[in-house]
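Feature annotation from Swiss-Prot assigns active site to Glu161, His229. Annotated active site, nucleophile per Swiss-Prot: Cys346, in sequence order, evidence recorded as sequence analysis. Taken from Swiss-Prot, the feature substrate binding site applies to 18-27, Asn100, 127-128, Arg193, Asp231, Asn340, supported by sequence analysis.
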Amino acid sequence: MLTEINFDGIIGPTHNYAGLSRGNIASASHAGDVSQPRAAALQGIDKMRHNLVLGLPQGFFVPLDRPDAPWLAALGTSVEKAEGHLRAQAWSASSMWAANAATVSPAPDSADGKCHLTVANLVTMPHRSHEWPGTLAQLRLAFAHPAFSVHPPVPAPFGDEGAANHMRLCSGHDRVGVEIFVYGVAGGRFPARQHLDASKAIARRHRLDPARTLFIRQSDTAIQGGAFHNDVVAVANEHVLFTHETAFEDREAAHAEIRAAFPAVEIVEVPASAVSLAHAIKSYLFNAQLVTLPEGGMGLVLPTEAHETPAVWNWLEAMIVGNGPIRRLFPVDVRQSMANGGGPACLRLRVVADPATVDPRFLADEAKLDRIAGVVAKHWPEAIAPADLASTTLLHDVRRARLALLDALDLSELG
């Protein structure tokens, strides 16, 4: 039976604040801070536990091998000898944000009846551009069943940032849906990371029906305001689109196109007069997981920052007492990820699949999360300062930490 499974990226032992992500305001504002990898990973595990308790199927991906010595070798250097900016890019733990791992089209949408996944190339940012080989290996292992078709990345220079710029509307996760690809147009101070050509290539690969596939331009105002991915200003679930007024370049045309393709859509729009774009981005209101609850209705799994931003929380409280589709609010603490620019939705990749077709090593239950938390508590560094990235001792420690996790999960082939 098809159901939506959220696969969260386990936050890796090299989690640090190097400020590598241009256009990501949180990342830039925390550059040079001391990170807490152990606390970060435990926060992510607690979010997974929270969603399991809600009755939501939960999976995970393991951290990639970092620092990426082969990538540095291809640049003619090494972890020990690299210039500071290259070393930081090699150490990045950014694969934690699984929403950028791939774009996923469920089987009901594809002409061949398979669930298609295209690994994201992430070419816009150097620190993420070398993620895809490790991510692809993991996707091919987790989704090796014939029910899936896992594709290599779209070729450069066509930038693709995965599911963070992709939404789906449907009457139920197991029903045919309308897929919405959101792209940006270059030209401002901050880069537009999702290219239209990349989105169109993915739609063709995934064998989607053109009549049920939309390409909508992200607002340049949103991009230049710090919404480096669409999931910072909009999120969809089943028949609901939850969006900020400034999310799309031509709001009226976008809404009309969406309604024409999926007439049952409920658009829950937050006006800029109630919640400014700046407050939406600072609180990551829209980088929430909009989920269908087993008992019925929908809920938002939000960062605690949304609760702490009065304009945002006041609007949300007024919304849930109304007669709308979103009825419950669940704040979660992912502050360590938030400080690098990734909220609850960034940390997960949504895959509609029969759990029986997924490699069970990637599916979570309470006992497995206990096992992961035990490895993290024992092996993850408590803190990493920028200067620590030059430490040979830390390098060996984080490698041992990751291998301990792989061993605990019987995933040593990813070593």
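Each Cβ is built from the backbone N, Cα and C atoms, and glycine gets one as well.
Structure with Swiss-Prot features highlighted.
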{"residue": "Ala18", "record": "substrate binding site", "DSSP (3 states)": "coil"}
{"residue": "Asn24", "record": "substrate binding site", "DSSP (3 states)": "coil"}
{"residue": "Asn100", "record": "substrate binding site", "DSSP (3 states)": "helix"}
{"residue": "Arg128", "record": "substrate binding site", "DSSP (3 states)": "helix"}
{"residue": "His229", "record": "active site", "DSSP (3 states)": "coil"}
{"residue": "Cys346", "record": "active site, nucleophile", "DSSP (3 states)": "coil"}
Recorded positions: Arg22, Arg128, His229 - member with fewest neighbouring CB atoms within 10 Å: Arg22
Fewest-neighbour residue among recorded positions, criterion Cβ within 10 Å, set Leu20, Cys346: Leu20
For Arg22 (substrate binding site), the one of Glu161, His229, Cys346 that lies nearest, given that the active-site residues are compared by Cα: His229
Between Glu161 (active site) and Arg128 (substrate binding site): CA-CA distance (Å): 10
Integer Cα-Cα distance in angstrom, Glu161 (active site) to Asn100 (substrate binding site): 5
Residue pair Ala18 (substrate binding site), His229 (active site) - Cα distance, angstrom, rounded: 20
Entries of Leu20, Asn24, Ala26, Asn100, Asp231 which, being binding-site residues, have CA atoms within 10 angstroms of Cys346 (active site, nucleophile): Asn100, Asp231
Binding-site residues: Asn24, Asn100 - member with fewest neighbouring CB atoms within 10 Å: Asn24
Cβ neighbours of Ala18 (substrate binding site) where a neighbour is any other Cβ within 10 Å: 24
